[in-house]
Amino acid sequence: MVKFAVIVFPGTNCDFETVEAIKRAGGEAERVWYKQSVKDYDGVVIPGGFSYADYLRAGAIAARQKVMEEIRELAEEGRPILGICNGFQILTEANLLPGALRPNKIPRFLCKWVHLKVVDVETPFTYLYEEGEVVRMPIAHAEGNYYIDNPSKVRIVFQYSDEKGSITEEANPNGSVLNIAGVTNKQGNVLGMMPHPERASDRFLGSEDGLKVFKSIVEWMKK
């Protein structure tokens, strides 16, 4: 059975939902306090929340904890690493993904459902999706405006779109360059995304579109 560590920093608040989403997808998951080792896990998820209360910058303090050194080693081995919302911010602060998450173009906290277009299905996180598929997931962030000077440094996986899949300025909730909602490293095994797939993993939550992120990882690792 594929087993994931869901990292818990002080201020993390999406860990329980993430564990349940992984279990619904057919994997095993445990909440792991950031001072514990993650070396024996098949993959790692850094969930959302407000680690260290977003002091300095969102994700800045968490990115400098010892556990991130182990996560870097796992990433270099090719194991899947997923950062959701604050987890994405932590991955960029730790230089596991290029770019940075800046304050939203309208400087306020955004909490709403958005549409996403899946543009790269050749990753462990998306291979159960169809290329061009439009999915619906929620966002909840104040610093989700992704900036990168050269987008060729990453693989764009999700883009904010309208419900028909058109990539428009109106569909971009936070000002991210190229409407980027999620990217991987060039190898494809480290994904950062601002939308919350764990909050779209059950029909009673309003959407199951995010469950395929976790199902994709589990099935990919079984291959």
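Including glycine, each Cβ sits where the backbone N, Cα and C put it.
Here Swiss-Prot flags 4-223 as domain 'Glutamine amidotransferase type-1', drawing on sequence analysis. As annotated by Swiss-Prot, active site, nucleophile applies to C85, with the evidence given as sequence analysis. As annotated by Swiss-Prot, active site applies to H196, E198.
H196 (active site) falls outside any helix or strand according to DSSP and counts as coil.
Distance noted between the C-alpha atoms of H196 (active site) and C85 (active site, nucleophile) is 7 Å. Between the C-alpha atoms of C85 (active site, nucleophile) and E198 (active site), the distance comes to 11 Å.
Sequence-distant neighbours of E198 (active site) (same chain, six or more apart, CB under 8 Å from its CB) are C14, E17, T18, E20, A21, P47, I84, G210, F214, listed in sequence order.
Computed over the domain 'Glutamine amidotransferase type-1' (4-223), the whole-number mean pLDDT of the model equals 97.
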